[in-house]
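Annotated domain 'ABC transmembrane type-1' per TrEMBL: 169-375, in sequence order. Here TrEMBL flags 173-195, 207-227, 233-252, 257-277, 311-332, 352-375 as transmembrane segment.
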Amino acid sequence: MQALLLALPLIVFLLSTFIAPIAMLLARSVQNHEVADSMPALTQALNAWDGQDIPGEPTFALLASGLKQAQESGQLGAVARRLNFAQPEFRSLLMRTARNIRDDAPKAWKPALIGIDERWNSPEVWRLLKRAAESPTPDYLLAAMDAQVTPQGAIASMPANASVYREAFVRTISISATVTLLCLVLGYPVAWLLANLPARTGNRLMLFVIVPFWTSLLVRTTAWYVLLQPGGVINSVLSGLGLATHPVPLIFNRTGVLIGMTHVLLPYMILAIYSVMKSVSPVYVRAAKSLGAHPFTAFVRIYMPQTLPGIGAGCFLVFVLALGYYITPALLGGAGDEMISQLIAMQTNTQLNWGLAGALSAYLVIFTAIFYFLFNRIVGIDRLRFG
């Protein structure tokens with residue numbers, strides 16, 4: 001009990017600053033409150049509607065009063081944005097209808113609204129409105145996988161020109177895996193060198209690995225922006241040496257993203273492997289050599305297997321961090337290098353579609369959990385060592 005009380009501040013801190021915000025964002029992926037909050041009477045009527053033919057006069061009257069009230073309360077924009085997500089033309093339909101509703105009620109709202117816009121005479125429009133009023137909704141989770149619910153209620157893929165998220169997920173995984181591999185190839189020799197140098201020299205060189213942690217991520221990425229641009233340092237050197245007659249495209253493409261992300265994440269790989277290498281006794285390699293093993297054979301068969309826990313820890317850490325990277329690919333990448341984090345930021349900052357942002361985040365969390373499960377089954381989390 002005393003141990004629990006000692007850990008209580010940490011538990012409260014994690015719940016309030018980590019778990020609760022993530023849970024609230026993920027909950028947005030199924031929330032659907034805009035229509036229900038703005039037009040509760042219409043929502044209740046639509047829930048009772050069978051969805052076959054267009055609704056009767058009472059439902060049309062509730063639609064007219066709901067639009068008028070939403071316009072007066074300033075909630076019509078949120079309702080229109082939500083419905084426009086379900087059907088791109090829905091915003092113009094709502095706005096046009098709301099503008100043309102007269103203050104004096106007509107004898108019958110049904111012909112009046114159909115007279116404003118003929119689309120109100122379509123059952124498909126009412127089905128979309130009915131589904132947009134339901135909560136929870138699968139619309140955001142489906143849209144995050146480039147799928148949608150048709151007016152007939154079936155699930156179908158979005159048109160090819162509107163499908164962006166599945167490709168973005170594949171691109172994110174591909175870039176993260178490539179960066180992890182590059183960090184391993186570059187980081188393993190550096191970690192071995194630092195672990196086997198004399199302590200004084202190794203500690204001095206270790207500063208070059210640690211110093212990047214003292215520098216802002218934005219500053220490091222901007223430095224690569226200066227180095228890689230067509231008139232930057234690298235292209236100037238290549239041109240001066242006669243190795244390139246035209247600027248080499250190193251930025252606003254996949255090359256720039258890989259270079260920048262590898263540089264940023266490389267210290268994590270080096271430190272994870274280095275911490276394990278320092279604990280490996282050199283006695284085993286010397287024994288193998290004394291028994292006639294070639295130095296390369298002794299390294300591959302004796303030394304390297306003992307560093308696998310560090311390799312696994314470094315790869316796991318770098319891959320998971322790369323999945324959610326935003327600043328580096330946003331500054332150094334091109335239009336074809338958008339990662340899922342950039343699309344989430346666009347939905348929250350530009351489109352203000354928190355539901356779709358929550359759905360994209362949910363899939364990213366699910367994929368990370370699946371990767372953790374597979375990694376644990378294949379490698380074993382208990383075998384990882386960070387020191």
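Each residue, glycine too, has its Cβ placed from N, Cα and C.
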Segment-segment contact (the transmembrane segment (173-195); the transmembrane segment (233-252)) at 3 or more Cβ pairs under 8 Å:
no
What residues in the same chain, six or more past the boundaries of the transmembrane segment (257-277), come closer than 8 Å to it by Cβ-Cβ distance?
175, 178-180, 182-184, 186-188, 190-192, 194-196, 206, 209-210, 212-213, 217, 220-221, 224, 228, 250, 306-307, 309-311, 313-315, 317-318, 321-322, 325, 328-329, 331-333, 337, 385-387
Determine which residues of the chain contact the transmembrane segment (207-227) at the Cβ level, with the cut-off under 8 Å and only residues 6 or more beyond its ends counted.
190, 194, 233-234, 251, 256, 259-260, 263-264, 267, 270-271, 327-328, 331-332
